[in-house]
Amino acid sequence: MKWMKFPKRYLIVVLTFISTCVCYVERVGFSIAYTVAADAAGTNQSSKGTILSTFYYGYACSQVPGGWAAQKIGGRRVLLLSFVLWSSTCFLVPLDPNRVTVLVVARLLVGVAQGFIFPSIHTVLAQWVPPHERSRSVSLTTSGMYLGAAMGMLVLPSLVKFRGPQSVFLAEAALGVMWSFLWFKYATDPPRSEHQKATATSFGESMLPTKASQKIKAENGPTTVRTSKIPWKKILVSGPVWAIVVNNFTFHYALYVLMNWLPTYFELGLQLSLQEMGFAKMMPYFNMFIFSNIGGVLADHLITKRVMSVTKTRKFLNTVGFIVSSLALMALPIFRTSGGAVLCSSVALGFLALGRAGFAVNHMDIAPKYAGIVMGVSNTAGTLAGIIGVDMTGKLLEAAKAEYSDLSGPESWRAVFYIPGLLCVFSSFIFLLFSTGERIFD
């Protein structure tokens, strides 16, 4: 691409940003389309929660295998395969709430396919992005999730209204296919000529998959580079890894509960129509997009200007993000207007995204060579949060409906938002106690 004036690694970051954006259009899209179809079919809240959480079972199963596959055959290839698989599933499966088995199998397949995405992305970024650019690169890439969710919330309700729920699946599949073409055409591994510099700075070819007896040319003649054994035991008993795991669980518990149940809260809890809310309904996710990038730029500034060490920077941003988010989450059911609910959910999700400049970049700090593996382990916990949170919220709402006769009162939703709020407080203390910004895995 001769017309590109910026380094190739920037193109890789932009493409991974677009990939997360497309993935979250799909996730929000299913929530919106299925909610409309299920309500029309008279499906109860508990059953809706079960279907909405099915995705996360498949997603959980493929996180660690995704990290392993990316480590062995390369994140670039695994990422492409993942997109092809989930896009094909969306294109082929009909959205019919009465065909429960078909929906369950389809959501499991999409979950398995998308489970490979984030471990692969972290492996690719660890290969391409130097340490001083990691915070903003990871933050930009992951902010695609929030922009995708915002776009989905803005556009897809109207698409459902005029074209029906099934049209959402076809639109998502088309986006997945278009991104796959761009990735296939433009994505590459880091150039071999960068090997010596990559090894010195802990990124690049030194983290590419290598055959057991592969020989490369070095200054002192040919040397043998063997694929290093993944230190599974050390990873699984590491305190800093578990600090990331706990915070990943909490982040995704809050995110997935809001992503899957916020449309229901607006419609049943506040008696609002998503179609009539206009741009307001996308603000929580757009706020995440903004704050995620603010967090990344701020983190890199604090580190490169030596205002704070890497460890202090990660702890500072993680703590501020999670504590402010906890307050906003617990205040959410108090506000009974559209503006108040949008404000609270925007602050909650925005500061959660700011906190990602703490725990979510920490994979590359402590284990740059095994970033995909550590991401797979921590994202498994995040996926379990989706399974537990989304399904349990459905059951909490069904119990509240039985007790209060409907879901329009704040008491019906208090437990839904208090649980992630309290988890944020707990997780921030865990990260303060056990995390580090130093490299602990060679």
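Quick reminder: no glycine exception, Cβ is built from N, Cα and C everywhere.
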Quick one: sort out which of 20-39, 340-359 is the transmembrane segment according to TrEMBL.
340-359
Among 77-95, 101-125, 137-156, 316-334, which stretch has the highest count of C-beta pairs below 8 Å with the transmembrane segment (371-390)?
101-125
Would you confirm whether the transmembrane segment (340-359) and the transmembrane segment (77-95) meet the contact rule of 3 or more C-beta pairs below 8 angstroms, pairs 6 or more apart in sequence?
no
Between the stretches 137-156, 282-304, 415-434, which one has more Cβ pairs under 8 Å with the transmembrane segment (235-262) than any other?
415-434
